[in-house]
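A.B. asks: Pulled these from Swiss-Prot:
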type	residues	note
BINDING	T11, W12, K105, A143, R258, V282, E284	NADPH binding site
BINDING	K105, G139, T141, K194, D247, S257, R258, N259	sn-glycerol 3-phosphate binding site
ACT_SITE	K194	active site, proton acceptor
Amino acid sequence: MAKIGVLGAGTWGMALARMLSNSGHEVTVWSALPQEVDELSRTRRQKNLPGMVIPDEIKFTKEIAEACQDKDIILFAVPSVFVRSIAKTAAAFIPDGQIIVDVAKGIEPDTLLTLTEVIADELNKDGKHGNVHYVAMSGPTHAEEVAKDLPTTIVSACEDQAVAKKVQDVFMNKNMRVYTNSDRLGVELCGALKNVIALASGICSGLGYGDNMRAALIIRGMAEIKRLGLKMGGKEDSFDGLAGMGDLIVTATSKESRNNNAGYLIGKGKSAEEAKKEVGMVVEGINAIPAALELADKYDVEMPIVFAVDAVVNRGADARETVDALMLREKKSEMTK
């Protein structure tokens, strides 16, 4: 049995907390919202996972120290925009040598750091966290399916494979198959940037385009992500694997995907703000666009789909005309790097 602290009580955090508790682990969940802690404790329900019953064994707390101290694993499951502030708050209670697992997906716009890098950057400021182990968990994983115990696969990525395997051992069960990977950077880049491509897929569906276009966006979108990722030092296998192509497929095609759904609404004529409001949950693809653009510029990588999404989502470009412009770009070989 492992002792696990979960920071964040959203759909993903609670789906994983339930799964881990049902596997026999001791789970403590913290939320920054006191009223959310009270509601979860009282109802044993997560409002966005209406069919899921929260096990009585899961403990909820309003004190972040209680979720961080004396834990085998601390799980960061908060929206990307809050990762740094929560890491800063938690730092005083996280011991050196701790295993930290991040399941949020994103890139910090101001620093262009991945989220495990953001946590490390914050913890390293006091000079007391030089031996913390950082693991990125990512893959084709809708919280709604994990909450229903449907078969799911995910990647545990850490340079230290002994740590990656320890996390694999804790998270793996008959419904969750966990693979290890040593390419934490590549896995995190896939998780963040695929959300932008999923927006593109949704926009095209909203415009009434078909499966041909969606397939093209998935393949060419991953080509863009891979071009950037390889220049940044990621490993090619990561982009072709579960955290790369696997996650992109599910995010760009599923009706459960917030990014796909937000894109669909934008394709139907809604503004980005209207789409986010209607989806009702964080749309990480919109948050990831500025960092994606900066990284493309910094590493001199051509990412036309990402730039097209930015034009439609943030600059008021006509979606149909933007697709036409993509289709009429200069002729190229598919093998162009």
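Glycine is no exception: its Cβ is also placed from the backbone N, Cα and C atoms.
Let's see these features in context: how buried, what's close, how far.
C.D. replies: A simple way to gauge crowding: the CB of K105 (NADPH binding site) has 29 other CB atoms within 10 angstroms, across all the protein chains here.
Neighbour density for K194 (sn-glycerol 3-phosphate binding site): within 10 A of its CB lie 32 other CB atoms from the protein chains shown.
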A.B. asks: Counting other Cβ atoms within 10 Å of each residue's Cβ, which of the binding-site residues S257, N259 comes out lowest?
C.D. replies: S257
A.B. asks: Consider each pair of residues in K105, G139, T141, K194, D247, S257, R258, N259, all listed by the record as binding sn-glycerol 3-phosphate, and report the largest Cα separation in Å as a whole number.
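C.D. replies: Max span of the sn-glycerol 3-phosphate binding residues, Cα based, is 15 Å.
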A.B. asks: T141 (sn-glycerol 3-phosphate binding site): which of the binding-site residues T11, W12, K105, R258, E284 have a C-alpha within 10 angstroms of it?
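C.D. replies: If one measures from the Cα of T141 (sn-glycerol 3-phosphate binding site), the binding-site residues that come within 10 Å are W12.
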A.B. asks: Where the distance is taken from Cα to Cα, which of the binding-site residues G139, D247, S257 turns out closest to T11 (NADPH binding site)?
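C.D. replies: Nearest by Cα distance to T11 (NADPH binding site): S257.
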A.B. asks: Round to a whole number and give the Cα-to-Cα distance in Å for the pair E284 (NADPH binding site) and S257 (sn-glycerol 3-phosphate binding site).
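C.D. replies: Rounded to a whole number, the Cα-Cα distance is 11 Å.
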